[in-house]
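> Sharing the record's features from TrEMBL:
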type    : residues                                        : note
DOMAIN  : A:3-181                                         : domain 'Electron transfer flavoprotein alpha/beta-subunit N-terminal'
BINDING : A:R201, A:226-227, A:240-244, A:257-264, A:N278 : FAD binding site
Amino acid sequence: MSILVLADINDGQLASATAHVVAAAKAIGGDIDVLVAGEGVQAAAEAAAKLDGVSKVRVADNAVYAYQLAEPMGALLMELANGYTHVLASASTTGKNVLPRLAALKDVSQLSDVIGIEGADTFLRPIYAGNAIATVKSDDPLKVITVRSSAFDAVADSGSATVEAIDVVVENTQSSFVKEELAQSDRPELGGAKVVISGGRGMGNGENFKLLDGIADKLGAAVGASRAAVDAGFVPNDMQVGQTGKIVAPDLYIAVGISGAIQHLAGMKDSKVIVAINKDDEAPIFQVADYGLVGDLFDILPELESKL
Amino acid sequence: MKVLVAVKRVIDYNVKIRVKADHSDVDLTNVKMAMNPFCEIAVEEAVRLKEKGVATEVVAVTVGPKAAQEQLRTALALGADRAIHIETDARVESLAVAKLLAKVVDEEQPGLVILGKQAIDTDNNQTGQMLAALTNLPQGTFASEVVVDGDTVNVTREIDGGLQTVALTLPAIVTTDLRLNEPRYAKLPDIMKAKKKPMDVKTPADYGIEVASKVSLLKVESPAERKGGIKVASVDELIDKLKNEAKVL
């Protein structure tokens with residue numbers, strides 16, 4: 001087996017998700033190469049070379065790969081995928097954007113959001129918002145897989161892989177980057193945080209999410225939201241936890257004013273400890289919460305913040 | 001400019017699913033079905049483009065069983081002008097759907113193709129991207145804003161950590177995210193009118209596409225049930241439990 005892992009890059013740095021994807025690659029077994037593509041990605045390449053289990057880091061550093069746009073990235077992977085049995089990426093918005101293009105160009109299926117490895121060709125993946133787990137077997141010559149990073153523990157960074165530059169440069173006349181508006185936050189990223197505190201429709205409005213901020217600061221937590229809160233316009237979509245947002249599995253998940261719709265549970269039910277704060281003691285969220293506190297969140301949150 | 005919209009018939013998003021006793025799949029007998037929510041957003045966006053005078057015709061297409069014509073009729077009631085039903089009872093994977101849609105794109109030559117970013121049954125999130133690759137067209141996935149300007153379309157995308165805007169040459173493929181728009185409800189007169197709108201029925205064989213996949217579904221299981229815990233009476237008790245019992249603080 002020979003596996004190529006597409007690295008996630010954030011602002012020139014290696015994203016934490018990649019260490020989890022390499023762990024999934026190790027579970028499959030075989031040689032593992034990591035592709036670091038972007039513009040000005042040397043630091044990311046060096047970080048990838050330290051990931052345990054990686055034999056080679058391949059670096060495509062060129063302006064055409066900046067922001068990892070789907071069209072050039074798909075073409076690059078098409079050039080590089082020969083000789084590999086598996087191509088893996090995290091199920092991030094980049095992995096989800098790019099990998100299906102490779103699969104289609106190679107005339108193979110893609111397996112999305114894999115959460116378990118049964119063997120080199122057999123995988124577990126959630127369907128129906130995680131309300132069923134499918135075991136699927138791929139007989140395609142190349143397995144193209146996106147990995148749910150929260151389902152695999154990150155590998156350590158004590159390795160020392162070789163780093164080689166790739167001079168493949170593809171053309172892209174179809175798409176161009178215009179701008180990015182990224183949320184500025186000193187808090188940990190939602191996908192990788194050890195503690196997540198999320199607000200739902202019960203928060204009432206976007207302003208009230210500030211009540212979560214103080215607690216998040218004390219706990220070193222990321223702040224999330226339910227789809228209902230996003231749909232109501234309280235907070236931006238990149239905070240959404242759920243089937244159609246981010247899938248998280250922190251050590252502690254605190255759900256505030258969230259009823260617990262199926263689609264939200266799909267995004268957080270693998271958290272180690274779940275706390276629910278809701279004024280409705282019949283809310284479905286209490287059926288999955290380890291600790292439930294029934295009451296008015298506008299009383300509870302300030303008290304919780306002051307006592308932590 | 002013609003706009004092609006792909007829609008999928010899926011289990012209604014409010015229905016709690018059951019796994020079949022023999023673990024072969026999810027049980028869909030006598031379950032309420034509906035248009036995939038992201039596809040509703042796609043139809044809405046196409047209709048709005050027509051209302052703005054950007055699109056001249058909206059064509060809805062689906063791949064699925066005969067019953068999927070219900071979802072095409074819904075699309076027609078919402079404002080699509082005509083529909084194409086590619087009828088098959090097979091379990092069709094994203095790649096085969098993308099191949100069929102690529103043939104339709106070839107025939108219809110739309111300026112824009114709009115699809116939902118994922119279907120809420122298989123949760124694949126692949127078809128739009130695969131279609132873009134097969135037709136060699138640019139893609140704007142997870143769109144929260146679509147602005148057509150002459151020969152290009154600017155698509156604002158929901159990405160991890162925020163928003164990204166890309167400019168794509170037309171024709172292009174767009175997949176919808178939640179905040180792109182709020183779909184309207186079909187009005188009764190429009191539902192009646194939709195019954196008279198044209199619908200072509202084809203088969204995968206008409207397009208020369210083999211829908212069989214090399215991925216087999218070995219089994220489907222319910223996820224491990226999470227048991228509810230306890231209710232605590234106060235913030236103090238909660239903090240105590242988290243510190244001394246769960247040991248997460």
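We count from 1, first residue shown onward.
Every residue, even glycine, has its Cβ placed from backbone N, Cα and C.
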> Counting Cβ atoms within 10 Å of each candidate's own Cβ, which of the binding-site residues A:Q240, A:Q243 comes out highest?
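By the 10 Å Cβ neighbour count, A:Q240 comes out on top.
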> Give the residue from the binding-site residues A:R201, A:H264 that has the most other Cβ atoms within 10 Å of its Cβ, counting over every protein chain displayed.
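Per the Cβ count, the most surrounded site is A:H264.
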> Radius 10 Å, atoms counted are CB only; among the binding-site residues A:I258, A:A261, which position scores highest?
A:I258
> So if the criterion is CB under 8 Å to a CB of chain B, which of the binding-site residues A:R201, A:Q243, A:I258, A:A261, A:H264 qualify?
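Listed binding-site residues meeting the cut-off: A:Q243.
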> Average pLDDT across the domain 'Electron transfer flavoprotein alpha/beta-subunit N-terminal' (A:3-181)?
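Mean pLDDT across the domain 'Electron transfer flavoprotein alpha/beta-subunit N-terminal' (A:3-181) comes out at 97.
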